[in-house]
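As written in TrEMBL, here are the features:
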- 100-135: domain 'EF-hand' (DOMAIN)
- 136-171: domain 'EF-hand' (DOMAIN)
- 184-219: domain 'EF-hand' (DOMAIN)
- 1-28: signal peptide (SIGNAL)
Amino acid sequence: MGIQGMELCAMAVVVLLFIAVLKQFGILEPISMEDSSDSELELSTVRHQPEGLDQLQAQTKFTKKELQSLYRGFKNECPTGLVDEDTFKLIYSQFFPQGDATTYAHFLFNAFDADGNGAIHFEDFVVGLSILLRGTVHEKLKWAFNLYDINKDGYITKEEMLAIMKSIYDMMGRHTYPILQEDAPAEHVERFFQKMDRNKDGVVTIEEFLETCQKDENIMSSMQLFENVI
């Protein structure tokens, strides 16, 4: 992977890896057309009980049958109804044995752990997945901004962006082509801020992020790549 267009890197990696994880879990199984009305998410079978099917359907862009199928896959792999951070890190380390995915998995876990309680519930899972796969461009960009904004203060700093980029390079390891230089993450951060930090105050706001991304044709087209995964 080269340096060009790295504004898209974190978002693309998020979607591609998350989809790979879901397929490994068997969560993105073909949607069954059988009538499953007798198992309204089978709430009594797990220790953590998700919200009702109708409420989740209202919060996401999935149909009832899709939610039921996603829930079956989630429950099979996560019988307690929860995924903790250590499990999340273990999953990503299996996909990138040549690198260190620990830090990136930590950042991604926090982006999905909407309430910050240290566990990804089924609700967190389907809401995030709905945004990544079927959300509007605006929703996807806001999700990406939240990933970059590590301390959730409403701003992306150079330190935060550098931490994200270093974690991606660490995860990818040294098996990239062309080979990335040690200073590549810092160079990317500088280019990112030159482009995004419109008022040159040293931080990127959500408004600056959205405005810049929405004017970039490559970013706009990339947001549509994964809409029909399930």
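Every residue gets a Cβ built from N, Cα and C, even glycine.
A quick note: this is a predicted structure, and the numbers were derived from the prediction, not measured.
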Within the domain 'EF-hand' (184-219), count helix residues (DSSP H, G, I), strand residues (E, B) and coil residues, in that order.
25 helix, 3 strand, 8 coil
Reduced to three DSSP states, the domain 'EF-hand' (100-135) has 24 helix, 3 strand, 9 coil
Sort the residues of the domain 'EF-hand' (136-171) into helix, strand and coil with DSSP and give the three counts.
26 helix, 3 strand, 7 coil
